[in-house]
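Trainee: Have a look at the structure that comes next, please.
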Amino acid sequence: MTITPQNLIALLPLLIVGLTVVVVMLSIAWRRNHFLNATLSVIGLNAALVSLWFVGQAGAMDVTPLMRVDGFAMLYTGLVLLASLATCTFAYPWLEGYNDNKDEFYLLVLIAALGGILLANANHLASLFLGIELISLPLFGLVGYAFRQKRSLEASIKYTILSAAASSFLLFGMALVYAQSGDLSFVALGKNLGDGMLNEPLLLAGFGLMIVGLGFKLSLVPFHLWTPDVYQGAPAPVSTFLATASKIAIFGVVMRLFLYAPVGDSEAIRVVLAIIAFASIIFGNLMALSQTNIKRLLGYSSISHLGYLLVALIALQTGEMSMEAVGVYLAGYLFSSLGAFGVVSLMSSPYRGPDADSLFSYRGLFWHRPILAAVMTVMMLSLAGIPMTLGFIGKFYVLAVGVQTHLWWLVGAVVVGSAIGLYYYLRVAVSLYLHAPEQPGRDAPSNWQYSAGGIVVLISALLVLVLGVWPQPLISIVRLAMPLM
């Protein structure tokens, strides 16, 4: 197969991030300079974001049998790049107080971003697996980056071992699917499934094992047990990446698989997914109720958010409405999570041992950092799905899709889950306005709003509010990103 200039333009984000990895690697080898390597990483990610405009001009195309570049791939690539960019900006002040090697952090984030972009473009089970491994392997190192703390090291070991087990399930599932259908590309799988092959036991077993592997990566119940521990143990900027880029990229590729290969047409698979969605929504919210650690709380809340998204995935037969729901919901989830984890990162910067993640650290924050407290409040309201925030628009879409496809008990679960979620999100928001303790523990720097991380947090808050009141620009972008079959 010959690679044309058009193909190269379509792969620009991937090539730019790949080139940035090489440049940062050479820069580290030449001379360790934290500021220089952080700047190079941010420039590379920004250049990749800008290149999406040129990709859009080139139009949709298949680049090699493994990848398809279209509006859908561009939307998810953009979201992954934004999350990676935010991770780098939050990491810079955090690493300022870190005594070991700082520069490799950016290298690992860039490699993980590469995996995310590959997943967004994947059109084949081989590229799906490659992308998942490319995003997971750097995360093993990132989660354990604060390795002098027992908790970070423990989180890294836990995530590594469980992730390896999940990958083996995924790979074995793919092997069974290949044994039955003789093909691994999404489109060919779709054709085979259309020929009434979906009820073959081998194929069902294969897809079942793949659901186990992907369920782990998306932290869906009952494959979620690693989530709160890893979120708590990982450095705050890494938790940001875990909660956003990795989830968004993997959910995007699952969405494309379900679009091309209508796996959801099988009654057995639909029932299994519905049970997983129901359990994730209810369990994630119930477990978050008792948490006094903000990172653990956000970990459990991410389980419930993926449960809500699964409702839209099950309702994929409604076509465009369901895909629109996922796009809008993921954008809202991205900005809300970036803001919430960004505040935790700012409070924990520079690195001085464990992060400022206990609820007590935020008590009375309003009285000495009013803007930061306001940002955190907006993020909590958005995650809870309160009207006038972007989180509400996403949740409304999910409910509309559920009602349209008559998934009544899942719609009920979304409503009950949102009601439970309201309690623990408001608990965090209210504690920001209580009397400050006599001896405040950790605090954000006084000039936090002038730092790159502070600007990212403020922009996230602004987007959550503006798009919550006027979501049309976001909806238009998501509509442009419908994959052309």
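Cβ from N, Cα, C; glycine included.
Swiss-Prot feature annotations, pasted as is:
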TRANSMEM  8-28  transmembrane segment
TRANSMEM  35-55  transmembrane segment
TRANSMEM  71-91  transmembrane segment
TRANSMEM  127-147  transmembrane segment
TRANSMEM  159-179  transmembrane segment
TRANSMEM  203-223  transmembrane segment
TRANSMEM  235-255  transmembrane segment
TRANSMEM  297-317  transmembrane segment
TRANSMEM  326-346  transmembrane segment
TRANSMEM  373-393  transmembrane segment
TRANSMEM  408-430  transmembrane segment
TRANSMEM  455-475  transmembrane segment
Trainee: Within this structure, do the transmembrane segment (455-475) and the transmembrane segment (71-91) have 3 or more Cβ pairs under 8 angstroms, counting pairs 6 or more apart in sequence?
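Mentor: Contact between the transmembrane segment (71-91) and the transmembrane segment (455-475): present.
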Trainee: Okay, the transmembrane segment (326-346) and the transmembrane segment (455-475): do they have at least three CB pairs under 8 Å, pairs separated by 6 or more?
Mentor: yes
Trainee: With pairs restricted to those 6 or more apart in sequence, evaluate whether the transmembrane segment (297-317) and the transmembrane segment (8-28) have 3+ C-beta pairs under 8 Å.
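Mentor: Stretch pair does not touch.
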Trainee: Report, as numbers and ranges, every residue of the chain located at least six residues beyond the transmembrane segment (203-223) whose Cβ falls under 8 Å of a Cβ in that stretch; write 'none' if there are none.
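Mentor: Hits for the transmembrane segment (203-223): 132, 136, 162-163, 165-181, 193, 197, 246-247, 250-251, 254, 263, 266, 268-269, 272-273, 276-277, 279-280, 283-284, 299, 302-303, 306-307, 310.
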Trainee: Which residues of the chain, 6 or more past the ends of the transmembrane segment (326-346), have a CB below 8 A from one of its CBs?
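Mentor: Result: 75, 79, 82-83, 86, 90-91, 93-94, 236-237, 239-240, 243-244, 248, 251-252, 255, 294-295, 298, 302, 305, 308-309, 312-313, 355-357, 372, 375-376, 378-380, 382-383, 389-391, 393-395, 397-398, 444-445, 448, 451, 453-454, 456-457, 460-461, 463-464, 467, 471, 474-475, 477-478, 481.
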Trainee: Which range out of 35-55, 235-255, 408-430 gives the transmembrane segment (127-147) the most CB pairs under 8 Å?
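Mentor: It is 235-255, which has the most Cβ pairs under 8 Å.
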